[in-house]
Amino acid sequence: MKHRYIDVRQESLKGYILLSLCLLFLLEGVVNVLLTTPLWVVNTRLKLQGAKFRNEDIVPTNYKGIIDAFHQIIRDEGILALWNGTFPSLLLVFNPAIQFMFYEGLKRQLLKKRMKLSSLDVFIIGAISKAIATTVTYPMQTVQSILRFGRHRLNPENRTLGSLRNVLYLLHQRVKRFGIMGLYKGLEAKLLQTVLTAALMFLVYEKLTAATFTVMGLKNVRKR
């Protein structure tokens, strides 16, 4: 009975730590989006400069460098154009929350069947939770990239590229042109990029929390 109490206490502490991390990531994500979106907008445009597009709605760009890109964007489109894609970026802040939610759910299901999770268990459920979060939010990442490029001839009456209306418009146009799978182009590469990192992160997290509990004396109490 006492051992069970220690297990519950440990899981409660882990849940509290995860919740705190999740809230911290959300706050950090919002601040990060607002501060770095102008840099991402310029970065995206410079990357795609000189690329040939079959879509006639895309206006080509010609920048001499970072400073010139900032100058032209502000001059031709207004300073708010530097924050194109902010709306989907803010929605993407919830990606870690979705990831942690599924991770905790999968972990609790496994703990009902066994006393302790192995490193392999943690690695697998960490990978699965990140894969789910990435798949759910990927359409927003696609729209985010389109909006950051920003050189689209959208409705002239609504030039706010980050608005919900244009986000929905771009989602609809992409489905109309490429089908539902058009929202997931490049998903495979994104999964390879993020899933392994997340799995390793959760593995390190579990090891660190276990070490913390040992220092706190919870492991010693369990052995008595």
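Including glycine, each Cβ sits where the backbone N, Cα and C put it.
Keep in mind that this is a model prediction, so the values were computed, not measured.
Residues annotated as transmembrane segment in TrEMBL: 16-41 (among others).
According to TrEMBL, the feature repeat 'Solcar' maps to 16-109 (among others). Regional average pLDDT for the repeat 'Solcar' (16-109) in the model is 81.
Remote same-chain partners of the transmembrane segment (87-106), defined as residues 6 or more beyond its termini with a Cβ less than 8 Å from a stretch Cβ, comprise 15, 18, 21-22, 25-26, 29-30, 33, 37, 125-126, 128-130, 132-134, 136-137, 140-141, 143-144, 147, 162-164, 167, 198, 202. Residues or ranges marked as transmembrane segment in TrEMBL: 87-106 (among others).
Per TrEMBL, the feature repeat 'Solcar' maps to 117-211 (among others).
Per TrEMBL, transmembrane segment is recorded for 118-138 (among others).
The transmembrane segment feature in TrEMBL is assigned to 191-218 (among others).
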